[in-house]
Amino acid sequence: MSIEKQVAEQLLEIKAVFLKPNEPFTWASGIKSPIYCDNRLTLGFPKVRQFIAKSLAEKIKQTFGEVDVVAGTATAGIPHAAWVSDLLDLPMVYVRSKAKEHGKGNQIEGPISKGQKVVVIEDLISTGGSSLKAVEALEEAGAEVVGIAAIFTYGLAKGKQLLEESGTKLVTLTNYDELIEVALNENYVTGEDMETLKEWKKNPENWGK
């Protein structure tokens with residue numbers, strides 16, 4: 001069984017995926033969605049989070065080769081970055097969405113040096129905006145960001161475009177298309193739900209308006 005399918009099954013089993021076609025979720029970007037994937041719930045399931053950490057570590061080695069630092073995005077990417085950095089025996093930092101307004105005013109917590117190769121860990125990619133803010137902060141600090149590794153991506157056109165424009169490589173363990181296919185095959189959703197989910201993916205910005 002592929003990693004994509006295994007992770008999709010695990011997210012469904014631990015009820016990290018919520019479906020509400022008639023009462024859609026509203027994302028921070030303003031997009032309305034019939035589905036919400038809450039990967040923070042993986043923290044409560046040791047076997048699932050261990051599998052995710054191991055799979056992310058393998059993906060990073062296969063895709064990016066040797067890196068110097070693992071960076072987690074605040075807040076959801078932090079625990080996964082910690083477990084992955086342990087497995088790879090690498091230093092870890094985390095990146096806030098913006099600099100603190102008190103103390104040292106840091107946006108990046110943890111030591112980072114000019115020229116270090118950094119991989120960013122995200123729990124989820126939607127439009128990609130928050131991930132790219134972390135990439136930008138790290139590059140401004142002098143790091144060389146080799147790419148982003150995430151658990152899940154919705155695979156939205158806007159997110160793909162932003163990543164391509166920034167020249168940032170993305171690898172993920174699973175994705176929206178795989179998730180809804182597994183959900184249908186294992187009776188988490190109906191055929192009618194599936195049509196709604198496919199329609200949303202075609203035009204998420206205008207869906208439900």
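Note that Cβ sites are derived from N, Cα and C of the backbone, with glycine treated the same way.
It should be emphasised that the depicted structure is a prediction, and the values quoted were computed from it without experimental measurement.
When secondary structure is read from DSSP and collapsed to three states, GLY129 (5-phospho-alpha-D-ribose 1-diphosphate binding site) falls in the helix class. Around GLY129 (5-phospho-alpha-D-ribose 1-diphosphate binding site), a 10 Å sphere centred on its CB holds 14 further CB atoms from the protein chains shown. What Swiss-Prot records for ARG96, LYS100, HIS102, GLU122, ASP123, LEU124, ILE125, SER126, THR127, GLY128, GLY129, SER130 is 5-phospho-alpha-D-ribose 1-diphosphate binding site.
SER126 (orotate binding site) has a Cβ environment of 23 other Cβ atoms inside 10 Å. Per Swiss-Prot, orotate binding site is recorded for SER126.
In three-state terms derived from DSSP, ASP123 (5-phospho-alpha-D-ribose 1-diphosphate binding site) belongs to an extended strand segment.
The secondary structure of ARG96 (5-phospho-alpha-D-ribose 1-diphosphate binding site), as reduced to three states from DSSP, is coil rather than helix or strand.
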